[in-house]
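Shown next, in structure tokens, is the structure this report addresses.
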Amino acid sequence: MRRTPVGRQTRARGIPEATVARLPLYLRALTALSERSVPTVSSEELAAAAGVNSAKLRKDFSYLGSYGTRGVGYDVEYLVYQISRELGLTQDWPVVIVGIGNLGHALANYGGFASRGFRVAALLDADPNVVGSTAAGLPVRHMDELESIVASQHVSIGVITTPPGAAQQVCDRLVEAGVTSILNFAPTVLNVPDGVDVRKVDLSIELQILAFHEQRKSGEEPEEGPIEEPPVRERTPGPVRAAAAKLRRAAGGGKDTKGDSDRQAVLPA
């Protein structure tokens, strides 16, 4: 039985997307506290650990329920469970990764998937030189098996790590097979029908944003050169302009005047 991804579950309950995007940040901070055997945490401490302000944290938690105790704070273990439940991490999520190049290999070997409830069900590629190899102990299977894998493994989440030129075609096949949530690492925008969620991860964009901030931290501003006027092309009489001048001379009975070649020719109607 295919499960409903968390994005549509939380939207159905009226939890804003911005809040959903911050829940993993809270969970990561809480997990670190749990590993240090910290029993309780205040909203201010948790907000600081997650990198948000405490008012925003309390507002986010108000959508989930009342999990804190005034004067005591939040029970760390209980909150880990509750946020994990809200994110759908208390169940198994089979995932297919399409495009097993360097990035696909790295994701297949990423241990954080399993610890968060995401099971890599299959690795897929169309390159015959890649199909049949292994990554993270899993065989790389051909794209021809996509539809049968999605159906048999009840896959609802797909990860695209293909070159940009192949990403849309892969996306279309995933959607047609029944995948309703896609994590896209290809540097391109995917077009999907209503009911399909796409999250985009573009490492080059993130690096450009960091470069923007680094430039300003170092006190450097973008160089401002003089604004140059576009070059003006010298007009030379062509056949059309010559014909226009001839028509004017014929209509006016006189000779062409100096400078006519520098004005726009308007042919008589």
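Cβ coordinates come from backbone N, Cα and C, glycine included.
As annotated by TrEMBL, DNA-binding region applies to 25-64. On the 0 to 100 pLDDT scale, the DNA-binding region (25-64) averages 95 in the predicted structure.
Per-class residue totals from DSSP over the domain 'CoA-binding' (88-189), listed helix then strand then coil: 36 helix, 29 strand, 37 coil. Per TrEMBL, the feature domain 'CoA-binding' maps to 88-189.
The NAD(+) binding site annotation in TrEMBL covers Gly99, Ile100, Gly101, Asn102, Leu103, Gly104. Around Gly104 (NAD(+) binding site), the same-chain residues six or more apart in sequence whose CB sits under 8 Å from its CB are Ile97, Val98, Leu123, Asp125, Ala135, Thr161, listed in sequence order.
According to TrEMBL, the feature region 'Disordered' maps to 215-269.
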The DNA-binding region (25-64), counted residue by residue under DSSP: helix, strand, coil: 28 helix, 2 strand, 10 coil
Tertiary contacts of the DNA-binding region (25-64), as residues 6+ beyond its ends and Cβ separation under 8 Å: 13-16, 19, 72-77, 79-80, 82-84, 86-87, 89
Cβ neighbour count (within 10 Å, all chains shown) around Leu103 (NAD(+) binding site): 17
Check: same-chain CB within 8 A of NAD(+) site center, minus Gly99, Ile100, Gly101, Asn102, Leu103, Gly104: Ile97, His105, Ala106, Leu107, Asp125, Thr161, Thr162
Residue, out of the binding-site residues Gly99, Gly101, whose Cβ gathers the largest set of other Cβ atoms within 10 Å: Gly99
